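The region 'Ribokinase' feature in Swiss-Prot is assigned to 1-308. Annotation comment: Swiss-Prot describes ASN11, VAL12, ASP13, GLY39, GLY40, LYS41, GLY42, ALA43, ASN44, GLU141 as substrate binding site, evidence class similarity to another entry. Residues annotated as ATP binding site in Swiss-Prot: ASN185, THR221, VAL222, GLY223, GLY224, ARG225, GLY226, GLY252, ASP253. The K(+) binding site feature in Swiss-Prot is assigned to ASP247, THR249, THR284, VAL287, GLY289, SER293. The active site, proton acceptor annotation in Swiss-Prot covers ASP253, GLU417. Residues or ranges marked as substrate 1 binding site by Swiss-Prot on the basis of similarity to another entry: ASP253. Residues or ranges marked as substrate 2 binding site by Swiss-Prot on the basis of similarity to another entry: SER339, GLY340, THR341, THR342, ASP395, GLY396, ALA397, ASP398, LYS408, GLY409, GLY410, GLY411, LYS435.
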Amino acid sequence: MKKIIVVGSTNVDKVLNVEKYALPGETLAINTYQQSHGGGKGANQAIAAARSGADTTFITKLGNDEDAKMMVKGFKADGMNIDDVITTTDQETGKAYITVDKSGQNSIYVYGGANMAMTPTDVDAHKSAIINADRVIAQLEIPVPAVIEAFKIAKEHGVQTILNPAPAKELPEELLKLTDIITPNESEAATLTGIEVKDETSMLANAKFFFERGIKMVIITVGGRGSFFATPDDHALIPPFPAKVVDTTAAGDTFIGSLASQLEIDLSNIRKAMLYASHASSLTIQVAGAQNSIPTREAILNVINQDQMTKTEIEKQKAQAAAYAAKLVPDHIVLGLGSGTTAAYFVKAINQRINDEHLDIQCVATSVGTEKLAEKLGMRMLDVNTIDQVDLTVDGADVVDHQLNGIKGGGAALLFEKLVADMSKQNIWIVDQSKYTDSLAGHILTIEVIPFGGMGVFRYLKENGYQPEFRFKDNGDILETDSGNYLINIIIPKDADLEKLSIDLKKQTGVVEHGLFLNVCDELIIGGDQIKTIKRSDLS
């Protein structure tokens, strides 16, 4: 069990639920006013750590008022050590006035109160708690000198320090030098470094700024894109977990507190800890409010287990679709082998059938990875340049809509996949149930570009309202396709005309291919205990 000290703010949240934010001079009526909910970044992070099983002590400063009594009662209920809570008669307990719109996004105005009265002397009076901790977490809703004092004590005694630089402000070099781990969100990172957070390249540039100031690990939360971590030797973007957004209040605090409860001091389990924290945040945003929305360890582990069960079921459905498709393949043909995890199931299934039934089937691959797998299995492979056409290609898809239009390219093989698909007399796609959707809007579309013209395409996409991002490998190098090109990801807009988008992209100098596969799939096979097949010829 991690022993965590949180030095930070406590606020009582006054929450307004609004349809939209008022313009200057505008008066709007509201239907809901939630009064006296516990909040404050320090308190939220402490509660998140405690509910995730950490031995948590909270050093905070409260007024001598009813709000303080309510907050302390809540701290006790969560099993936190409150021996180091400080009370003052000079200031009221801090308050936060929060508006939440119908999409769940929030704006927050903070009255510091007793929080802003915390001094280095206050912190020093509770140094024994810090000395005996594994790590100390602090934010910027208390005066910076108090944070510096806490971190000085920690560093003198080998205690790890985590700084959540929120709200963002210019920080003294002294504080940065005392910080082991820093956890800004994307706007806070940009404020501190002057580098806008747009993609993994800019995230890494932000991280290097902090590395140069002695910080050992940087974690940037990037909202719907997930969270990014970097050390001098490693970095990765951890995806978010899909959830219906009700209220984003306390999501970042939940992430930090739950992460701190799970992260080993040597940082060896960073990916696992961040996945845990991402699940915790996904639960938080589904509930209105701050501290009442912070999940327990049991709730987080339950959703993680459900996610693992879902992944297991998805793999089962992939294998079922692949096995069904393998039974449909006729003898004496040239067969196109798709790319990706679902196609790999098919390659193994058709190879088994070729061996069992002594079929005369020759194959072409749509990626180097598929070719290596097929050759390892001893399948008869052809060079695509030596044939005029392919009789049948079986491939997976990233997503398929009800008109059998799809997106491919998540596996970085979209050019070869499209070339073989165009050569094929028939194309069968195999997917699990999660890949079949009403619309391609909102999904990631991959665009393959030549390295020389990549930035020109990137600028075109940005100027036309997309948010393009280059694809990178885990080690930070730009991802190259089997043909040596780069990949750019965009999100398909809600109102996109797919045909027009396809044509417009192909017109751009530097674009080699894109991942929209329109009117290509002849038959879709969806895995499951009851296989579902959809043929283009049956569509109305």
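From the backbone N, Cα and C atoms, a Cβ is placed for every residue, glycine too.
Remember, it's a predicted structure, so these values are computed and weren't measured experimentally.
Mean pLDDT, taken over the region 'Ribokinase' (1-308), works out to 91 on the 0 to 100 scale. Residues ASN11, VAL12, ASP13, GLY39, GLY40, LYS41, GLY42, ALA43, ASN44, GLU141 are the ones the record ties to substrate, and the longest Cα gap between any two of them is 14 Å. Note: the Cα of ASP13 (substrate binding site) and the Cα of THR341 (substrate 2 binding site) are spaced 47 Å from each other. Counting only same-chain residues at least 6 apart in sequence, those with a Cβ under 8 Å from the Cβ of GLY40 (substrate binding site) are GLY8, SER9, THR10, ASN11, THR60, GLY94, ALA96, ASN115, GLU141.
Same-chain residues at least 6 positions away in sequence with a Cβ under 8 Å from that of ASP395 (substrate 2 binding site) are, in sequence order, GLY336, LEU337, GLY338, SER339, GLY340, ALA343, THR366, LYS408, GLU417, ALA421, ASN427, ILE428, TRP429, ILE430. Highlighted in sequence order, GLY338, ALA343, GLU417 have their Cβ within 8 Å of the centre of the Cβ atoms of SER339, GLY340, THR341, THR342, ASP395, GLY396, ALA397, ASP398, LYS408, GLY409, GLY410, GLY411, LYS435, the residues recorded for substrate 2, and are not part of that set. Here GLY224 (ATP binding site) is positioned 19 angstrom away from GLY410 (substrate 2 binding site), judged by their C-alpha atoms. Every protein chain shown contributes to the tally, and the Cβ of VAL287 (K(+) binding site) ends up with 15 other Cβ atoms within 10 Å.
Close to the recorded substrate site, the chain also has GLY8, SER9, THR10, GLY38, GLY94, ALA96, ALA290: residues not among ASN11, VAL12, ASP13, GLY39, GLY40, LYS41, GLY42, ALA43, ASN44, GLU141 whose Cβ is within 8 Å of the site's Cβ mean position. The most densely surrounded of the binding-site residues GLY42, GLY410 is GLY42 (count of other Cβ atoms within 10 A of its Cβ).
Taken residue by residue with DSSP, LYS435 (substrate 2 binding site) is part of a helix. The CA atom of GLY289 (K(+) binding site) is located 11 Å away from the CA atom of ASN44 (substrate binding site).
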